[in-house]
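Asks: Quick one: this structure, given as structure tokens, is what I'll be asking you about.
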């Protein structure tokens, strides 16, 4: 059976502000199944942003588990991510999930990979998904050469990724913490 795939999620942190955004396209093979999916959300009393890429059902399963870890560790983003990664590596069912997450709170941004790794991105910029490389390159160039806000950088990066990646559209959801 073919997998649902393709999206772009990008996060930019600058100073005391962070923005996390994603497109809305869900693709099954070469068919666009939905154009307005919401892959970026606020969780834990609106204090944590999370964006997901990969298999849709897998991503929702990981998101649910991450939220449970966040509750268990009273909003400690790093601890919740590390605990989820431990489970991911040791649980046979979790190891089969094909998804990635970007999480961010007021102080920290983390990427949780499909291998169960937790990465702290360099320079406060990270992106995942099929258009992630385009978005990350654009975000990095904009961050280094402009005074745009994180939200503006995320918006422009997603626009560029949507122009270049066939699995990324121009329906964007962007959340910020300031």
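FYI, residue positions are counted from 1 along the chain as it appears here.
Each Cβ is built from the backbone N, Cα and C atoms, and glycine gets one as well.
Just so it is clear, the model here is predicted, and its values are computed rather than measured.
Residues or ranges marked as active site in Swiss-Prot: 7. Among the features that Swiss-Prot reports, Na(+) binding site is placed at 162, 165, 168, with the record citing sequence analysis.
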Asks: Measuring Cα to Cα, how many Å separate residue 7 (active site) from residue 165 (Na(+) binding site)?
Replies: 9
Asks: Excluding 162, 165, 168, please set out which residues of the same chain place their CB within 8 Å of the center of the CB atoms of the Na(+) site, keeping sequence order.
Replies: 8, 23, 25, 130, 131, 134, 135, 158, 161, 163, 164, 166, 167, 169, 170
Asks: Tell me which residues of the chain lie with their Cβ under 8 angstroms from that of residue 162 (Na(+) binding site), as long as they are six or more apart in sequence?
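Replies: Once residues fewer than 6 apart are set aside, residue 162 (Na(+) binding site) is near 8, 23, 131, 168, 169, 170.
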Asks: Is it possible to get the count of other C-beta atoms within 10 angstroms of the C-beta of residue 7 (active site)?
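Replies: Excluding its own Cβ, the number within 10 Å is 31.
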Asks: Once the DSSP letters are reduced so that anything not helix or strand counts as coil, what is residue 165 (Na(+) binding site)?
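Replies: Reduced to three states, the DSSP call for residue 165 (Na(+) binding site) is coil.
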Asks: Count the Cβ atoms, other than its own, that fall within 10 Å of the Cβ of residue 165 (Na(+) binding site), considering every protein chain shown.
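Replies: Residue 165 (Na(+) binding site) is surrounded by 21 other Cβ atoms within 10 Å.
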Asks: Going by DSSP, give the three-state secondary structure for residue 7 (active site).
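Replies: Going by the DSSP assignment, residue 7 (active site) belongs to neither helix nor strand, so it counts as coil.
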